[in-house]
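Features as listed in Swiss-Prot:
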type     : residues  : note
DOMAIN   : 1-225     : domain 'Peptidase S1'
DISULFID : C7-C139   : disulfide bond
CARBOHYD : N20       : N-linked glycosylation site
DISULFID : C26-C42   : disulfide bond
ACT_SITE : H41       : active site, charge relay system
DISULFID : C74-C232  : disulfide bond
ACT_SITE : D86       : active site, charge relay system
DISULFID : C118-C186 : disulfide bond
DISULFID : C150-C165 : disulfide bond
DISULFID : C176-C201 : disulfide bond
ACT_SITE : S180      : active site, charge relay system
Amino acid sequence: VIGGDECNINEHRSLVAFFNSTGFFCSGTLVNEEWVLSAAHCDSTNFQMKLGVHSKKVLNEDEQTRNPKEKFICPNKKNDEVLDKDIMLIKLDSRVSNSEHIAPLSLPSSPPSVGSVCHIMGWGSITPIKETYPDVPYCANINLLDDEVCQAGYPELLAEYRTLCAGILEGGKDTCGGDSGGPLICNGQFQGIVSYGAHPCGQSLKPGIYTKVFDYSDWIQSIIAGNTDASCPP
């Protein structure tokens with residue numbers, strides 16, 4: 001996250017850190033005691049998820065590590081289009097209980113409205129060009145913008161993609177490399193998943209692109225309920 005500050009240790013209890021053999025690479029959001037939501041482009045072989053992390057160098061007493069038991073990506077996702085259905089639901093190999101630094105974030109009850117203030121968080125780069133990765137997550141507030149702003153800034157963003165556009169028009173506050181899969185929380189509701197953006201991060205008129213969680217709520221709830229053949233919206 002660029003243009004932000006170190007998150008308060010208690011304001012990211014649902015944020016999950018993903019690690020593979022090369023180290024930290026993505027985030028996710030705990031949606032209940034057994035399930036994490038992330039971006040499809042964060043799928044990796046043999047990764048672990050750590051919950052309750054603040055500093056990657058200092059262990060919290062209640063930190064928990066889990067492995068993916070099952071991973072679900074939309075069966076109708078166009079794999080050659082990174083922006084299409086960039087969402088992945090992960091079942092943990094065992095449940096996690098709430099603690100001082102761990103708590104789930106529920107799915108949204110309604111879609112967000114343009115103009116909402118949204119909160120971003122992550123261990124991604126805090127500098128736009130030469131990437132600098134912090135040990136602690138950074139947080140910032142940005143605005144939910146009209147989809148047309150992102151369609152103008154990104155010709156590859158098709159109108160039918162179920163995405164949200166969020167940032168600051170003049171630039172300077174944005175998610176960045178390493179923030180993928182983390183949450184966009186608008187007016188206290190979990191509305192987006194960090195999916196895509198410009199390089200360097202934080203350019204004017206090139207806000208971040210987030211998968212629109214609300215549109216996938218039925219799919220998510222179906223899979224959690226055990227209907228693993230559920231299909232995503234087109």
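Even glycines carry a Cβ here, placed using N, Cα and C.
Feature map: annotations from Swiss-Prot on the structure.
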residue: N20; record: N-linked glycosylation site; CB count, 10 Å: 13
residue: H41; record: active site, charge relay system; CB count, 10 Å: 19
residue: C42; record: disulfide bond; CB count, 10 Å: 21
residue: D86; record: active site, charge relay system; CB count, 10 Å: 27
residue: C118; record: disulfide bond; CB count, 10 Å: 24
residue: C139; record: disulfide bond; CB count, 10 Å: 19
residue: C165; record: disulfide bond; CB count, 10 Å: 25
residue: C176; record: disulfide bond; CB count, 10 Å: 30
residue: C186; record: disulfide bond; CB count, 10 Å: 24
residue: C232; record: disulfide bond; CB count, 10 Å: 21
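Each of the disulfide-bonded residues C74, C201 was scored by the number of other CB atoms within 10 Å of its CB, and the largest score is that of C201. Long-range neighbours of C150 (disulfide bond) (same chain, six or more residues apart, CB within less than 8 Å of its CB): L157, T163, C165, P207, I209. Cβ neighbour count for C26 (disulfide bond) (all protein chains, 10 Å cutoff from its Cβ): 27. Annotation for S180 (active site, charge relay system): same-chain Cβ neighbours under 8 Å, separated by at least 6 residues, are C26, S27, S38, A39, H41, C42, G124, V194, S195. When the recorded positions C7, D86, C201 are compared by Cα distance to C232 (disulfide bond), the shortest distance belongs to D86. A helical conformation is recorded for C150 (disulfide bond) in the three-state DSSP classification.
Around the Cβ of C7 (disulfide bond), the number of neighbouring Cβ atoms within 10 Å comes to 21.
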